[in-house]
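Since the structure comes first, as structure tokens, the remarks are kept for the end.
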Amino acid sequence: MSRAVLIGPPGSGKSTLGRLLADKLGVGYRDTDADVEAVAGKPVSDIFIEDGEERFRELEFAAVRAALAEHDGVLSLGGGAILREDAQELLAGHPVVYLQVGLTDAVQRVGLASARPLLVLNPRSQLKKLMEARRPIYERLAVLTVATDGREPAELVEEIAKGLGA
Ligand SMILES: Nc1ncnc2c1ncn2[C@@H]1O[C@H](COP(=O)(O)OP(=O)(O)OP(=O)(O)O)[C@@H](O)[C@H]1O
Ligand SMILES: O=C(O)C1=C[C@@H](O)[C@@H](O)[C@H](O)C1
Ligand SMILES: [Mg+2]
């Protein structure tokens, strides 16, 4: 069982905070985007372009299932990994942490978003749509929700560790 599973939209800080939290707890860190890249042998953006989003989501689901079964450290999920109902079911009972971020901070953090295939055309409007559509799912899955706007990673990691009783 993972010590923490971080979910949230692009730019919420899943990868940044995941690494820091794993260091703080002295456990391993895993990120499903990196796992998918390792299996596919190419970056997420190339998988989207060459194989399509549907193929990416299949690889992502397999990565989520494997990581939830095997990994006992901190796990960061890709932003859209929670979209599939079968992934939502797998997350039940896990210490899921929702990293909440507002549009302004998220846009600032993802910048021009060249490595984020879903945000290439108009990052602000794409992010807005995606965040609105996913918010209810993130909220429903979370056992702990952390507001990240304007707050430093180090402080957020303390709050997550405390909130999980870790
Ligand atoms: N609390 C924060 N305050 C300021 N900047 C942050 C914060 N958290 C993350 N960042 C910065 O925002 C950018 C995006 O963070 P990160 O890659 O961790 O997001 P993510 O949720 O993993 O995104 P994705 O879904 O695309 O993988 C990075 O440059 C990171 O340094
Ligand atoms: O929010 C999303 O749907 C995505 C987020 C990233 O972590 C990657 O998994 C990919 O760019 C898709
Ligand atoms: Mg990430």
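Yeah, the Cβs are placed from backbone N, Cα and C, and that goes for glycine too.
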Further binder of ATP named by TrEMBL next to Gly11, Ser12, Gly13, Lys14, Ser15, Thr16, Arg116, taken from the candidates Arg55, Arg84, Arg140, Arg151: Arg151
Among Asp33, Arg57, Gly79, Arg134, listed as contacts of substrate, what is the widest Cα spread in Å, to the nearest whole number? 18
Tell me the Cα distance separating Ser15 (ATP binding site) from Arg57 (substrate binding site), rounded to the nearest angstrom. 19
Close in space but at least six residues away in sequence, with Cβ under 8 Å from that of Lys14 (ATP binding site), the same-chain residues are Leu6, Ile7, Gly8, Asp31, Ser76, Leu77, Gly79, Leu99
Sequence gap of 6 or more, Cβ distance under 8 Å: name the residues on the same chain that satisfy this around Thr16 (ATP binding site), in order along the sequence. Pro153
Rounded distance in angstrom between the Cα atoms of Arg151 (ATP binding site) and Arg134 (substrate binding site): 22
